[in-house]
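> The following block contains the structure, expressed as structure tokens.
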Amino acid sequence: MKKFSVVIAGGGSTYTPGIVMMLLDNLDRFPLRKLKLYDNDRERQAVLGEALDIVMKENAPDIEYSFTTDPEEAFTDIDFCFAHIRTGKYEMREKDEKIPLKHGVVGQETCGPGGIAYGMRSIGDMIELIDIMEKYSPDAWMLNYSNPAAIVAEACRVLRPNSKVLNICDMPVGTLRRMSHIIGIEPKDLEVRYFGLNHFGWWTSIKDKEGHEYLPQIRDYVAENGYLTQKEVDTQHTDASWQETHKKAKDLLAVDPRFLPNTYLKYYFYPDYVVEHSNPEFTRANEVIAGREKTVFSTARNIIERGTAEGCEFEMGAHAVFIVDLARAIAFNTHERMLLIVENNGAIANFDDDAMVEVPCIIGSDGPEPLSQGKIPEFQRALMYQQVTVEKLVVQAYIEGSYQKLWQALTLSKTVPSAKVAKEILDDLIEANKAYWPELH
Ligand code: NAD
Ligand code: G6P
Ligand code: MN
């Protein structure tokens with residue numbers, strides 16, 4: 001079987017160890033010859049890099065492993081780049097969340113003003129990463145988790161339309177695990193229909209391979225419990241604040257009981273509730289710093305101190321399964337069905353061709369083939385058009401350096417009450433993002 005070379009960009013990410021463990025677990029299905037980590041923060045990466053060096057030596061000594069901050073070394077001779085970078089790191093995520101809250105508006109990593117601010121930081125770094133990859137390995141694929149995926153995907157569509165980049169999200173995969181637990185059927189035995197934008201979509205069908213429809217059964221459960229399950233079904237999305245989000249899906253479903261909602265619709269349907277239940281002094285960024293980041297980095301330090309990874313507890317879940325399965329689908333032309341963020345081009349019949357949408361695709365060596373989802377109802381269509389226009393305006397604002405367009409984007413976001421509040425938030429965000437955003441005029 002052919003063997004592949006993978007670079008993980010954002011090697012210092014909290015998700016890197018999980019993906020590496022998953023790659024090791026899948027060597028029989030997706031064999032590796034090389035694995036490299038690449039980050040622009042030497043110190044942060046060194047901790048995970050050295051710990052994973054021990055893991056690799058103990059588990060797969062034949063795979064050439066290295067970690068580096070040098071782009072040429074990282075991107076030469078690779079078949080895949082798995083990207084999950086965070087421009088500005090948690091320090092800036094905290095500001096994305098806290099600045100809007102100061103103005104009584106949702107403070108969230110990827111939705112509303114926080115997501116817009118993060119988008120303005122991510123675009124430049126992502127485009128640079130694509131260019132580096134194409135310079136050193138022109139045939140490679142980039143599988144990108146870096147957020148905000150909706151804005152990054154639109155930037156790729158506009159600025160690098162021919163690049164081999166697939167933007168992905170783990171939320172539908174994670175939620176499908178919950179649905180699968182509810183009905184007692186393995187996720188791999190389910191086929192879904194879904195339409196929407198990233199972090200803004202709905203399932204319209206959940207069937208087993210024989211064609212039996214489970215949506216009504218899942219809907220009855222979600223109407224009572226949201227996506228909360230008695231037993232934990234994944235290693236991700238388990239903190240108390242996530243449980244609250246899974247539970248809130250009950251109120252999302254109530255707005256349109258025909259379809260099963262993505263959890264992220266909470267920020268658009270119930271922004272008042274979200275603000276009331278947020279602590280402006282301690283947001284999700286603070287929880288992650290005190291939780292996942294601490295756990296992952298102390299596990300790594302512990303491995304380095306002990307000099308062995310025996311009994312090591314790096315977690316791997318649906319997030320890691322998805323990216324490894326996707327790479328395998330491209331590598332071996334498997335034509336599996338997965339949700340990806342792609343240019344619409346008719347997949348949603350009554351939505352703009354040039355919108356980046358999230359829909360099921362058949363995926364093989366030539367990339368994704370989006371599956372037709374038919375026409376969508378006017379309620380969802382109108383919401384999506386508003387949100388996709390926010391995303392398009394952000395990308396235009398970035399390219400043109402336009403204050404006006406970014407103000408319009410914030411004003412149009414369903415999470416922001418008025419142009420006045422939008423302007424106040426924008427001016428604070430500009431100040432906080434001076435080191436990252438292009439100058440606006
Ligand atoms: P993290 O801060 O722990 O990791 C990000 C890493 O990227 C850091 O080590 C940082 O130094 C590095 N980095 C920043 N800019 C870089 C650049 N230009 N080149 C190389 N490296 C760079 O963050 P995390 O919580 O582990 O998340 C990583 C990313 O994955 C974030 O963008 C997050 O939003 C995203 N994510 C997306 C999904 C999804 O559904 N799409 C799911 C989970 C995480
Ligand atoms: C989900 C989303 C990601 C997002 C993550 C945040 O997995 O799909 O896009 O980055 O949640 O999780 P966190 O634990 O960092 O708040
Ligand atoms: Mn996501």
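Numbering starts at 1 and runs along the chain as displayed.
Each Cβ is built from the backbone N, Cα and C atoms, and glycine gets one as well.
Annotations for this protein, taken from TrEMBL, read as follows:
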type	residues	note
ACT_SITE	Asp170	active site, proton donor
ACT_SITE	Tyr264	active site, proton acceptor
BINDING	Arg93, Asn147, Arg284	substrate binding site
BINDING	Cys169, His199	Mn(2+) binding site
DOMAIN	194-416	domain 'Glycosyl hydrolase family 4 C-terminal'
SITE	Glu109	site 'Increases basicity of active site Tyr'
> So if I take the recorded positions (Arg93, Glu109, Cys169, Tyr264, Arg284) and measure from each Cβ to the nearest atom of ligand 3, which come out below 6 Å?
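The ones that qualify, in sequence order, are Cys169.
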> What same-chain residues, at least 6 away in sequence, bring their CB to under 8 Å of the CB of His199 (Mn(2+) binding site)?
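Result: Thr110, Cys111, Pro148, Ala149, Ala150, Cys169, Met171, Asn262, Tyr264.
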> Using other CB atoms within 10 angstroms as the count, which residue among the binding-site residues Arg93, Arg284 scores least?
Arg284
> What is the total of other Cβ atoms whose distance to the Cβ of Cys169 (Mn(2+) binding site) is within 10 Å?
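The Cβ of Cys169 (Mn(2+) binding site) has 24 Cβ neighbours within 10 Å.
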> Near Glu109 (site 'Increases basicity of active site Tyr'), meaning Cα within 10 Å, which of Arg93, Asp170, Arg284 (recorded positions)?
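Correct set: Arg93, Arg284.
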> In Å, rounded, how far does the Cα of Arg284 (substrate binding site) sit from the Cα of the residue listed as 'active site, proton donor'?
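Roughly 18 Å, rounded to the nearest whole number.
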> Could you state the whole-number distance in Å separating the C-alpha atoms of Asn147 (substrate binding site) and the residue listed as 'active site, proton donor'?
11
> For a quick check of packing: other C-beta atoms within 10 Å of the C-beta of the residue listed as 'active site, proton donor', how many?
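Looking across every protein chain shown, the total is 21.
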